[in-house]
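For reference, the structure discussed in these notes is given below.
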Amino acid sequence: MKTCNLTDRMKVKMIMLLFQILAISTLQSVSAYIPDRYIQENVAVRGKATQSDQLQGQWDAFSHASNAIDGNQDSYFYHGSCTHTSGGANPWWRVDLLQEYKITSVTITNRGDCCGERITGARIIIGKNNGLNNPECSTVGIMTAGETKTFRCSHPMIGRYVTVYLPKTEYLHLCEVEVNAMLPAN
């Protein structure tokens, strides 16, 4: 009978492989018995939206804050599903969720027919008051025209107010804002 001499390195690799197999099988069996406690849901559609100001003139009817929570991701401004401010200093858009939620991310659909770069640098802030000093969830980097992008908070944030704040002199336009919150599963 031949004996197999394993080197120390081979023994360590085999032990590590066994631990990995054991860990995976244990996690799979445990997760089968833990029910999902939460579901993710867009709670913005239940809220009330406001903004710092509104584009005036022939397009003011297309510029309302509530357009960003109408459930329509159409990114073409002239179809009437986007918001638009007047281009002043530090514009903001806010949704009052009417109650506090545990928020995990915010999804924004950018204007698609032009001007996609305008939103660059916007801050997404979430908190319990309607001011501009609430904690930051994320900062908007470069978004292309018409792009829909999800901005994840580094940890779930408790808040009633979600604000998109643009700290510069610029137009702020949003075609949809979804606030993704954790709700108890039924």
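Every residue gets a Cβ built from N, Cα and C, even glycine.
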Cysteine of Cys114, Cys137 paired with Cys115 via disulfide, per Swiss-Prot: Cys114
Site co-member for alpha-L-fucose according to Swiss-Prot, given His84, Arg118, out of Arg94, Arg111: Arg111
Selected from Cys82, Cys137: Swiss-Prot disulphide partner of Cys175: Cys82
Other CB atoms, at most 10 A from the CB of His84 (alpha-L-fucose binding site): 27
Secondary structure content of the region 'F5/8 type C-like' (40-186), with strand meaning DSSP E or B: 18 helix, 63 strand, 66 coil
